[in-house]
């Protein structure tokens, strides 16, 4: 190849000369060196063959780990090609296959797994079924159910809590018991960060009447508001108020990953999948035989002693647990069964966890549970939604106000693939895979977001048009659950924007209302919080 530049004023030209061999056909047929002649076998062929990257297992492992493949994907690779299921001979786990090693490496990206000792990891592996892919499945299931290590916003009875992806906590609303954690008992409509938590990364939160619980990435539990974990039915406890987050000493020996607050009790979930409860009340003792005023954590006994749990949800006087097993997910319930809210086809109370068998008959594998004050809901892996319990105001979405004593599929959502569900006091919200939000139940105080039917009941799922008009994809909803408060609702978008509507007279919406206004019908952006 040579270049020639013209001497005139015209632009320079580049002349390219191709060199053509005398016998082009012969040149094309020259054999490749043996090390370049890699035979690429069709994955899935019944004839065993060498995987084309078998000589570079480190590269394959790096790709699998970097791509964050799910446990089902890794299992499919094993089933497709022998390279992914035979021992990879990586030190120190020489016997592990490359897909198992990838699962282990992906697990180690999780905060709750990273700081576990080797014995604890092996015990978790044993409980999950003896595979690191199953451990990864267990961890992912917990993240999906309660947005672990992701930003979240919770609408409590009269107050709200928002946790950013960086672990910063904002609070706003009613603060009569110090439940905002700001060091005072003054209400605040403007979201304010809890400065006393500087240096502590919070990854989970739970809200209840007059109290808030926060969980750090180190499994530590902080509480503020009323200094008790229960509100017993038979007596009134004198409690002092705690206005800044304080470490819960009784839980220092448990690495906690989630908490749920009912009216009579608090439940916490350990990273190993064990459920503990504190102070149930005078009747149901929730699977342990302690006195009803006991505030020490007690492990949940019975069917869940040896089955790991990935998510818990607390209603007024009952608890749901989403359990993990190698064969699939299942739901257990315990507590007060009035109205059929335990899902067993009757209104009997249960003192120990009992499997809800109806999901097997419906051929639904639950992946998320939500416990409203008096009714409950589940999202299935296939996107179907089931509800059961008291049906007042149409909160079950079946077109009536009749109660359901066992889970029933919401037919009004048959054309919607649901990925998130939230229940409150006689109200339910779902979010679809395309980011749309539907609501049904009690519309008191505009908490359903249905602007054309303000304060009216919605007996079947209805699209929240005011959220659709924002042209943003909604990923998470929280609404008031329990307490003697009119409800409010918080909705978070994929981009981290937070919208609020419903009752806001104590500042719980995070926006300032005009004079004499107590609620907001149209979703309003909550300023000052970055939840991206």
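First residue shown is number 1, and so on along the chain.
Cβ coordinates come from backbone N, Cα and C, glycine included.
The domain 'RCC1-like' annotation in TrEMBL covers 243-529.
With DSSP classes pooled into helix, strand and coil, the tally for the repeat 'RCC1' (167-218) is 3 helix, 24 strand, 25 coil. The annotation repeat 'RCC1' is assigned in TrEMBL to 167-218 (among others).
For 219-272 (among others), the entry in TrEMBL reads repeat 'RCC1'. Per-residue pLDDT, averaged along the repeat 'RCC1' (219-272), amounts to 82 for this model.
According to TrEMBL, the feature repeat 'RCC1' maps to 273-325 (among others).
Taken from TrEMBL, the feature repeat 'RCC1' covers 329-382 (among others).
Sequence annotations record features per position, and here TrEMBL assigns repeat 'RCC1' to 383-434 (among others).
According to TrEMBL, the feature repeat 'RCC1' maps to 435-495 (among others).
Sequence annotations record features per position, and here TrEMBL assigns repeat 'RCC1' to 496-532 (among others).
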Tally of residues which DSSP labels helix, strand or coil - the repeat 'RCC1' (496-532): 0 helix, 13 strand, 24 coil
Same-chain residue ranges lying at least 6 outside the repeat 'RCC1' (496-532) that approach it to Cβ under 8 Å: 151-153, 155-156, 158-160, 162, 164-165, 170, 172-174, 187-191, 445-447, 449, 451, 454, 466-467, 470, 472, 479-480, 485-490
